[in-house]
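Trainee: Can you keep this structure in mind? I'll have questions shortly.
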Amino acid sequence: MELIKDIDRMRTYIERIEEGKIIGFVPTMGGLHKGHLSLIRKGRGDSDVLVVSIFVNPAQFGPEEDFESYPQDLERDVKLCKQEDVDVVFAPSREEMYPDDYFTFVEVEGYLTSTLEGDSRPGHFRGVTTILTKLFNIVSPDRSYFGEKDYQQVLVVKKLVNELNLDTQIIVLPIVRENDGLALSSRNSYFDEKEREAATILYKSLKKAKEWTIGGEKDPARIIHKMKELIEKEPLAEIDYIAIVGPNSMEKVQSIEGEVLIILAVKIGKVRLIDNMRVKRSMCQS
Ligand code: AMP
């Protein structure tokens, strides 16, 4: 396995790959966990050459967010990638990706990037789409792997790739969870024992919402209200948003028919977590 830290070397590596070989790509911010590993394993199985990038992207963090403290351990991540038979870890420096005189950004405009995460984290998706455009240009992947954990991000990335005619296929994989349901996240490493326990409230509330929906509740407002009540019982939790939306549009639904996405962001202590669950009411339910 190669660890490549500069863009020119990464490009040269890609240029030397034989025509027709499939390049798979897993972009990450490091702090690798089982969620990342599921993408890496799928990518490994599908590709001739698998590239994993590790770059904590300052452009997608707000000024009050945790960029400075974001968990980083390149040595550990590289070791994990080696074990997963990754071909290249691309870990560029901040200076390489964003030199001091850097002024070019790529933005998906409109509702999709201004609702939910876009509303809570202004500029976040602009940072995501900018870094991904740069990485796609450097790595030229045939296939790129993303997790449903960042559900809205997946829709934004698909739109970016489609509308800018970028030549990579977006493969989306399900959320990997701990045994108690907590979605794996690099940020889980911030938790003390109490917070870690409290963090299970996101999954618990999603599961309950699914039960209520399948039980026949069609009114999103009532489900959201009951989720709020449940989460508010947890003293360490502070709700940012809870929404029930169309799984492709991210627009709030008036009534639950067919498939919807229940999505939420909750702070546990200082740590902001996101999670989601797709719920399908079978058409034969009244
Ligand atoms: P990050 O390092 O947080 O930027 O995540 C890199 C990729 O891993 C993104 O496509 C995430 O959606 C995906 N990912 C993160 N956590 C999980 C998880 N628990 N299950 C599946 N995919 C995940």
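Including glycine, each Cβ sits where the backbone N, Cα and C put it.
TrEMBL labels come from automatic prediction, so no person has curated them.
Per TrEMBL, the features are:
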- His36: active site, proton donor (ACT_SITE)
- 29-36, 147-150, Val176, 184-187: ATP binding site (BINDING)
- Gln60, Gln153: (R)-pantoate binding site (BINDING)
- Gln60: beta-alanine binding site (BINDING)
Trainee: Using only C-alpha positions, which one of Met29, Leu32, Gly35, His36 is spatially nearest Gln60 ((R)-pantoate binding site)? These are the recorded positions in the record.
Mentor: Met29
Trainee: Checking proximity to ligand 1 here: which binding-site residues out of Leu32, Gly35, Gln60 have their Cβ closer than 6 Å to it?
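Mentor: Gly35, in sequence order.
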Trainee: Taking the Cα atoms as reference points, how far is Gln153 ((R)-pantoate binding site) from Met29 (ATP binding site) in Å?
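Mentor: Cα-Cα, rounded: 14 Å.
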Trainee: Including all protein chains shown, what's the count of other C-beta atoms within 10 A of the C-beta of Gly35 (ATP binding site)?
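Mentor: Taking all protein chains shown, Gly35 (ATP binding site) has 22 Cβ neighbours within 10 Å.
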Trainee: Quick check on the recorded positions Met29, His36, Gln60, Glu148, Gln153: which one has the highest count of other Cβ atoms within 10 Å of its Cβ?
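Mentor: Selected residue: His36.
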Trainee: Whole-number Å only: compute the distance from the Cα of Val176 (ATP binding site) to the Cα of His36 (active site, proton donor).
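Mentor: Approximately 9 Å lies between the Cα of Val176 (ATP binding site) and that of His36 (active site, proton donor).
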Trainee: List the same-chain residues at least 6 positions away in sequence whose Cβ sits under 8 Å from the Cβ of Ser186 (ATP binding site), in sequence order, or say none.
Mentor: Met29, Gly30, Gly31, Leu32, His33, Tyr70, Pro71
Trainee: Return only the integer: C-alpha distance in Å from Glu148 (ATP binding site) to His36 (active site, proton donor).
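Mentor: Roughly 11 Å, rounded to the nearest whole number.
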Trainee: Return the single residue from the binding-site residues list (Leu32, Val176) that has the minimum number of other CB atoms within 10 Å.
Mentor: Val176
Trainee: So, three-state DSSP: helix, strand or coil for Gln153 ((R)-pantoate binding site)?
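Mentor: The residue in question, Gln153 ((R)-pantoate binding site), is helix (DSSP, three-state).
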Trainee: According to DSSP, which of helix, strand or coil covers Gln60 ((R)-pantoate binding site)?
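Mentor: Note: Gln60 ((R)-pantoate binding site) is helical by DSSP.
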Trainee: Return one of helix, strand or coil for His36 (active site, proton donor), based on DSSP.
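Mentor: Assignment for His36 (active site, proton donor) reads helix.
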